[in-house]
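The structure appears right after this line, and notes come after that.
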Amino acid sequence: MTETKSTGSLDYFKVIAALLVVAIHTSPLTSFNAEADFVFTRILARTAVPFFLMVTGYFLLPQYIFGKSMDHRPLLRFIRKTLILYAIAIFVYLPVNLYAGHFDKKGAADIVRMLLFDGTFYHLWYLPASVTGVLLLWMLGKKMNTKVLTGICLALYGIGLAGDSYYGFMIRIPGVQHLYDSMVHIFSYTRNGFFYVPVFLIMGAWFRHVPQNRKRIWNMGGFLISLLLMVCEGMLLHNLDVQRHDSMYLSLLPCMFFLFSVVLSTARQPAPILRRISTWIYLLHPLMIVLVRGIAKSAHCQTILADNSLIHYISVCLLSCIFAYMIGKRDIFHKKSYDPKGRAWIELDKENLYHNIAVLEKLLPPGCSFMPAVKANAYGHGAVLIAKALNRIGIDRFCAASVSEGIELRKGGVCGEILILGYTHPDNFPLLKKYNLIQTVVNYHYAGLLNEYGKPLRVHIKIDTGMHRLGERPEQIDAIARIFQMKNLKIEGAFTHLCVSDRTAPEDKAYTEAQGKAFWRVISALREMGYSCPEVHLLASYGLINAPELSGDHARIGIALYGVLSNRTDLQQCGLPLLPVLSVKVRIAAIKDLFAGEGVGYGLAYTAAENRKIAILPIGYADGLPRALSCGNGRVLINGYAAPIIGRICMDQTIIDITDIPTVNEGDIAVVIGKSGSAEITAYDIAEQAGTITNEILSRLGSRLDRLIL
């Protein structure tokens with residue numbers, strides 16, 4: 001589950017929803033007014049379960065419904081957790097079921113129906129229903145677009161509605177009663193995973209996919225109006241005595257839309273313990289009903305605890321909350337896991353990433369959108385983490401260097417289009433199809449190989465306008481046109497690569513302009529021949545900064561996205577307020593004394609002239625730390641102080657001098673890239689010390705470094 005500041009409000013309202021479910025099963029107002037209790041428990045409280053379902057849809061389903069994600073781990077985790085809770089609940093309520101004789105005269109078919117649809121206790125239907133609904137949407141989502149799927153969910157809800165609150169009307173239609181009576185042999189109610197659950201799951205998914213920008217007062221007004229309509233609808237149906245059950249209303253759909261909008265518009269920090277407490281209140285409250293009635297009978301206070309419906313409700317709520325808190329604070333699904341900050345790691349600042357997007361967005365030509373370059377593990381930052389963070393703000397096009405990188409993104413749950421910029425071997429063409437990747441046509445001959453694969457493949461054509469790497473030359477326009485005639489290639493775009501757009505000397509500007517003109521001449525010629533290139537792109541980070549007038553449909557921003565440029569001078573000249581996304585940190589593994597005359601590390605490259613105190617860092621050149629920083633050329637930061645690197649950087653370890661730094665302990669954090677107090681080491685510093693560019697320094701950061709997005 002991905003949490004943001006606003007999603008915490010969902011955790012808080014889930015507790016309220018759970019208490020509304022308790023109200024449904026205790027009828028707190030019956031001692032005072034039966035009609036008021038009906039309005040409260042059979043109409044107003046019917047918002048509780050849809051809210052639970054919408055929260056599930058909000059967090060779980062967008063990547064599958066909208067992004068066609070192939071990362072099934074979140075789906076499987078949800079199913080596993082729900083089924084475990086269901087198994088626990090079945091066991092907990094088994095004695096009550098046996099005592100009450102709920103299984104008496106039940107055949108095998110009845111038991112199967114209870115397990116799959118109705119639940120083994122009156123409130124447990126929700127657990128198999130949520131699994132059924134999620135699986136149904138997941139399977140249908142793979143086959144159809146989201147709008148069609150939404151229509152199907154609405155139709156299913158309509159069928160369920162007709163068998164629920166509108167049953168009395170529907171059975172007057174010839175043949176309909178027989179149809180619904182046949183359904184009862186399969187499941188007791190249409191309030192189940194097929195008819196009731198899907199529409200609320202997909203509503204939640206839509207909320208995650210489409211940002212809601214309405215003012216809170218409009219959402220509140222819409223909620224109150226739709227709630228009033230639902231009360232009117234419910235009372236009318238109740239008075240007409242047409243309800244077979246009272247879980248589903250027509251007005252419930254707009255009511256839940258506005259309620260969810262209101263809750264989301266209330267910013268709260270995520271509260272995982274409330275999330276768990278609400279779950280356990282839901283699961284345990286029928287047991288608390290039994291317990292309260294048992295206490296009332298034993299203590300001879302039935303008049304107060306049992307007969308007074310409001311006190312009975314409050315007592316059940318209190319006991320449910322107490323037991324839910326006792327269980328919820330332990331988090332039975334939480335496993336003591338590996339600590340990513342135990343050795344050396346990378347921290348990614350999500351707010352800086354979004355800030356950089358906002359800065360670069362101001363440079364985009366009209367009609368141009370981002371196609372971030374997440375190749376080389378997103379320049380060392382972590383491709384899946386970065387791409388998913390960008391997915392969350394609506395960016396759904398990416399480019400990677402190789403098919404293996406594209407597969408990693410897909411398996412990581414990244415949604416949207418993924419263009420493979422480099423060469424893919426013909427043996428791996430099936431993977432392009434399997435993982436819905438777009439392949440670059442690197443030249444005419446390669447286009448033929450792609451076409452000979454025999455199955456439709458999505459491609460972009462690379463035009464070599466002057467870099468002289470991959471691509472077909474502009475003067476080979478006839479060959480490029482013949483690529484469009486290849487029946488198995490679905491040509492969705494064309495692009496080129498600017499090779500000196502990072503330089504602003506007159507001759508470099510002229511070369512970049514010439515590349516742009518050559519590219520657009522090819523596109524114009526193709527269009528005159530009747531060949532369409534739906535998407536064209538030629539700008540990368542430096543092109544967007546120095547030559548945005550070259551335009552295009554997408555900008556393949558890379559290094560600038562991560563808050564740095566290739567060197568310090570470029571950043572100073574462009575004047576953009578970019579912020580670094582990445583920090584590299586490492587824990588001090590050991591602190592030792594190094595006495596005068598002793599050497600340290602390979603080759604004993606450093607010898608102490610006097611007694612020194614040294615620290616060993618579990619990070620080395622295998623993690624991407626350049627050996628050029630050895631022997632005093634580099635440094636790290638501890639508590640705001642600089643500690644020089646002494647001796648040679650090893651594959652897995654680095655030695656630093658901490659003699660002049662006060663109060664350093666084993667386990668303390670040293671900063672390799674980033675800030676410590678008022679001090680900072682930038683990627684520019686390390687690149688300059690290593691005699692290279694930031695692109696190389698960042699891209700070489702190794703896979704052993706755990707990556708965390710903050």
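Cβ from N, Cα, C; glycine included.
In TrEMBL this protein carries:
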{"type": "TRANSMEM", "residues": "12-31", "note": "transmembrane segment"}
{"type": "TRANSMEM", "residues": "43-61", "note": "transmembrane segment"}
{"type": "TRANSMEM", "residues": "82-100", "note": "transmembrane segment"}
{"type": "TRANSMEM", "residues": "120-140", "note": "transmembrane segment"}
{"type": "TRANSMEM", "residues": "152-173", "note": "transmembrane segment"}
{"type": "TRANSMEM", "residues": "193-210", "note": "transmembrane segment"}
{"type": "TRANSMEM", "residues": "217-236", "note": "transmembrane segment"}
{"type": "TRANSMEM", "residues": "248-267", "note": "transmembrane segment"}
{"type": "TRANSMEM", "residues": "279-298", "note": "transmembrane segment"}
{"type": "TRANSMEM", "residues": "310-328", "note": "transmembrane segment"}
{"type": "MOD_RES", "residues": "K375", "note": "N6-(pyridoxal phosphate)lysine"}
{"type": "ACT_SITE", "residues": "K375", "note": "active site, proton acceptor"}
{"type": "BINDING", "residues": "R469, M651", "note": "substrate binding site"}
{"type": "DOMAIN", "residues": "581-710", "note": "domain 'Alanine racemase C-terminal'"}
{"type": "ACT_SITE", "residues": "Y602", "note": "active site, proton acceptor"}
Site with most surrounding Cβ atoms, counting all protein chains shown within 10 Å, from the recorded positions K375, R469: K375
Best-contacting stretch, by C-beta pairs under 8 Å, relative to the transmembrane segment (43-61) and drawn from 82-100, 152-173, 193-210, 279-298, 310-328: 193-210
Range from 120-140, 193-210, 248-267, 279-298 with most C-beta pairs under 8 A to the transmembrane segment (152-173): 193-210
Residues near Y602 (active site, proton acceptor) in space but at least six apart in sequence (CB under 8 A): G647, R648, C650
Counts of helix, strand and coil residues, the domain 'Alanine racemase C-terminal' (581-710), according to DSSP: 23 helix, 50 strand, 57 coil
The transmembrane segment (248-267) touching the transmembrane segment (310-328) per 3+ Cβ pairs under 8 Å rule: no
Beyond the flanks of the transmembrane segment (248-267) by 6 or more, those residues with Cβ under 8 Å of it: 5-10, 13, 43, 46-47, 50-51, 54, 157, 160-161, 164-165, 190-191, 196, 199-200, 203-204, 207, 212, 214, 216, 219-220, 222-223, 226-227, 229-230, 233-234, 237
Candidate ranges 120-140, 193-210, 217-236 - greatest C-beta contact count to the transmembrane segment (12-31) (under 8 angstroms): 120-140
For M651 (substrate binding site), nearby residues of its own chain (Cβ under 8 Å, 6 or more apart in sequence): G620, Y621, A622
Contacting positions for the transmembrane segment (120-140) when only residues 6+ beyond its ends and CB under 8 Å are counted: 21, 25, 49, 52-53, 56-57, 60-61, 64-65, 75, 78-79, 82-83, 85-86, 89-90, 93-94, 96-97, 102, 114, 149, 152-153, 189, 191-194, 196-198, 201-202, 205, 282-283, 285-286
Cα separation, R469 (substrate binding site) to K375 (N6-(pyridoxal phosphate)lysine) (Å, whole number): 17
Chain residues outside the transmembrane segment (193-210) and at least six past its termini with a C-beta under 8 angstroms from it: 50, 53-59, 61-62, 65-66, 117, 128-134, 136-137, 146, 149-150, 152-154, 156-157, 159-160, 163-164, 187, 247-248, 253, 256-257, 260-261, 264
